[in-house]
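Asks: A single structure is presented below for examination.
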Amino acid sequence: MSLWRYANPVEFMRLSGRAMPALWALTAACLGAGLVWGFFFTPDDYRQGATVKIIYLHVPAALMAINAWIMMLVASLIWAVRRHHVSALAARAAAPVGATFTLVALVTGALWGQPMWGTWWAWDPRLTSFLILFVFYLGYMALWEAVEDPEKAADLTAALALVGSVFALLSRYAVLFWNQGLHQGASLSLDAEENVADVFYLPLLLSMAGFVLLFVTLVLLRTRTEIRLRRLRALELRAGRLAEEVA
Amino acid sequence: MPELGDYAGAVLGAYAASGLLIGLLVAHSVLRAGRVRRALRRAEAKQGRSHV
Amino acid sequence: MSALLARELALTLRAGGGAMQGLVFFLIVILLVPFGVGPEPGALSRVAPGTIWIAALLSCLVTLDRLFQTDFEDGSLDALALSPLPLEAVTAVKALAHWLTTGLPLTAIAPLLALTLQLPAAAYPWLVAALAVGTPALSFLGAVGAALTLGLRRGGLLTGVLTLPLYIPTLIFGARAVVAAADGQNPVPALALTAALSLAVLATAPFAAARILRIQIR
């Protein structure tokens with residue numbers, strides 16, 4: 001028995017269908033608890049005041065914006081190498097979720113930046129990189145939409161995901177060369193206590209778990225929809241052909 | 001309600017905007033899932049087979 | 001290979017091949033900028049490097065459709081794919097021909113247009129150098145973007161959406177070299193990065209584009 005049997009659409013549908021209710025519940029619990037805790041029951045930061053409450057949205061969204069792209073790239077590569085359709089469809093399903101998280105990170109960042117830096121937007125390396133990432137998400141989704149033949153669309157978007165990853169990363173470093181920014185360094189690392197105090201850290205961790213779960217849930221849901229859509233198209237095609245034969 | 005002071009606009013705006021964006025994404029995902037599931041069920045009923 | 005290059009150049013340079021249009025487009029974009037920015041020499045010379053680079057990006061982009069599109073439509077691309085020449089070499093030659101008819105001429109006329117934008121005198125050699133080493137990357141990356149959108153209805157717009165983000169690093173380094181020279185700083189690091197990026201793109205993009213073309217003509 002190997003992991004790859006879950007790449008079988010029927011098996012995938014069976015298992016993911018069973019997991020969905022629990023995933024929804026867990027997502028709601030983690031996200032709700034993390035955000036309520038963060039919003040109502042944490043003190044203000046001595047430098048940033050109440051704006052520190054934005055961290056429970058901004059950091060998890062930013063984290064998942066990047067991780068969604070990485071997951072999309074891995075799924076695309078699995079498709080390219082092993083030709084599992086579920087994998088290609090999972091990559092397709094992840095893109096809108098990742099793009100939305102990128103947008104959430106950008107918007108919450110702008111709202112946080114206004115009182116802290118005195119501006120909604122600065123062409124800071126991190127902000128700029130996220131805007132570039134957002135554009136890559138949009139291009140990836142547009143290519144999926146534009147190509148009609150599903151197999152060809154999967155191949156082309158996989159190629160784009162690979163090329164796009166290289167250039168998103170290149171842009172990340174090129175942008176550093178172009179402008180050193182205002183943004184603070186990563187607020188979380190393995191020795192997180194040094195960066196973010198405990199009172200903020202625990203609800204933040206909970207909220208991050210919530211975002212991860214939300215991502216997994218939505219990607220599974222959207223992948224299931226894509227698989228059903230594929231099946232629907234196949235049925236329609238067969239019905240159309242039958243109609244032609246009869247006529 | 002916590003005391004947000006001068007930053008109420010920024011904090012509430014961030015929560016509202018995130019809620020809206022994520023809410024739209026969830027709503028879109030769920031509605032589309034339902035629509036496709038029903039369409040597939042109809043198509044399968046018409047052809048007398050059921051798989052997924 | 002030289003026969004293919006000659007064919008590509010002949011197709012582009014003959015009447016209606018569109019070699020001039022890329023250049024005219026370049027000229028027009030630059031002509032538009034003073035209307036948007038205002039005629040003050042100070043403002044113009046500040047935006048001159050970026051303007052010229054962005055005009056170069058756009059000229060490369062709008063001429064990308066001639067890379068593969070006609071060959072794809074009339075079946076020559078299938079013939080080329082079956083020929084003894086590897087498809088990687090075919091894409092490289094096509095991208096090279098694209099550069100010779102787009103990037104190279106616009107590099108040649110860029111100093112003249114820079115004059116109208118009041119680019120500081122010290123920056124001219126660096127402008128030419130940066131464009132000369134940077135624009136090949138635009139053509140080769142353009143081959144990847146053009147291959148991805150081959151045969152799509154309304155593919156032109158999508159080519160821009162997919163290709164322009166790939167141009168960001170080249171734009172940053174290339175424009176930075178010119179800005180540095182104009183500001184009296186050392187332009188060499190930025191120019192070296194532009195050249196390094198171009199070399200990397202020249203070495204890898206034909207493989208990516210050929211792989212994508214094989215998907216398209218499968």
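Here the Cβ of each residue, glycine as well, is placed from N, Cα and C on the backbone.
What TrEMBL says about a protein is an automatic prediction, not a curated fact.
Straight out of TrEMBL:
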type     : residues  : note
TRANSMEM : C:12-37   : transmembrane segment
TRANSMEM : C:43-64   : transmembrane segment
TRANSMEM : C:96-117  : transmembrane segment
TRANSMEM : C:123-150 : transmembrane segment
TRANSMEM : C:157-179 : transmembrane segment
TRANSMEM : C:191-213 : transmembrane segment
Asks: With Cβ-Cβ distances below 8 Å as the criterion, list the same-chain residues six or more beyond the ends of the transmembrane segment (C:12-37) that contact it, or say none.
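Replies: The answer is 43-44, 47, 51-52, 54-56, 58-60, 62-63, 66, 97, 101-102, 105-106, 109, 113, 116-117.
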Asks: Grab the same-chain neighbours of the transmembrane segment (C:191-213) for me: Cβ-Cβ under 8 Å, and only residues 6 or more beyond its ends, written as numbers and ranges.
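Replies: Beyond its ends, the transmembrane segment (C:191-213) has Cβ neighbours at 68, 77, 81, 86-92, 95, 126, 129-130, 133-134, 136-137, 140-141, 143-144, 146-148, 150, 169-170, 173-174, 177.
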Asks: Hey, which bits of the same chain come close to the transmembrane segment (C:123-150), Cβ under 8 Å, at least six residues off its ends?
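Replies: Contacts with the transmembrane segment (C:123-150): 48-49, 52-53, 56-57, 60-61, 64-65, 67-69, 72, 91-92, 94-96, 98-99, 102-104, 106-107, 110-111, 114, 156, 158-159, 162-163, 166-167, 170, 173-175, 177-178, 180-182, 187, 190-191, 194-195, 197-198, 201-202, 205-206, 208-209, 212-213, 216.
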